[in-house]
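Among the features that TrEMBL reports, region 'Disordered' is placed at 9-33. The compositional bias 'Low complexity' annotation in TrEMBL covers 17-26. Per TrEMBL, the feature domain 'Exonuclease' maps to 43-137.
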Amino acid sequence: MRLPFLRHRRSDPGHYPAGPLRELAAAPPPRETTPVSQVGFLALDIETTGLDPRADHLLSVGWVPVVDGRVLLSEARELRVRPPGDVDVGSSATLHRLTDDVVSDAAPLADVLPRLFAAMHGRVLLAHHAPIEVEFLGDATLSTYGARPR
């Protein structure tokens with residue numbers, strides 16, 4: 001089975017500031033002819049204060065690698081994210097149970113993104129509702145690195 005969606009869509013890595021985002025942009029995606037059984041995936045889930053990436057904030061980023069068709073639970077990660085400034089979790093806590101107390105000691109976004117980007121190297125993202133994850137991560141990279149992945 002061919003994967004036509006694997007065409008390289010990233011721009012020149014030099015477009016991004018030096019660091020984790022540039023390194024991710026420089027990592028080649030799997031080739032279009034790679035059999036699905038040989039494609040590395042990263043199942044990604046995020047928790048946020050709401051559904052609007054321009055107004056709401058990331059609270060948690062979790063992932064599980066899928067390699068050779070096997071889910072690698074031993075490499076699963078969940079990193080909580082401290083929201084900026086005086087942002088509170090609000091009613092979103094009823095959905096994900098991440099309260100203000102839980103995220104108050106979490107890592108800042110700038111510490112979480114490099115770990116996520118390292119896990120993404122050479123893998124295809126797998127997400128339940130990918131547009132939300134992509135938009136939130138795009139806004140997160142813009143606020144952290146001054147550039148949005150293409």
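Cβ from N, Cα, C; glycine included.
Caution: TrEMBL annotation is automatic and unverified by curators.
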What does DSSP give as the helix, strand and coil breakdown of the region 'Disordered' (9-33)?
10 helix, 0 strand, 15 coil
Residues in the domain 'Exonuclease' (43-137) grouped by DSSP into helix, strand and remaining coil
35 helix, 27 strand, 33 coil
Take the domain 'Exonuclease' (43-137) and average the pLDDT across it for me.
93
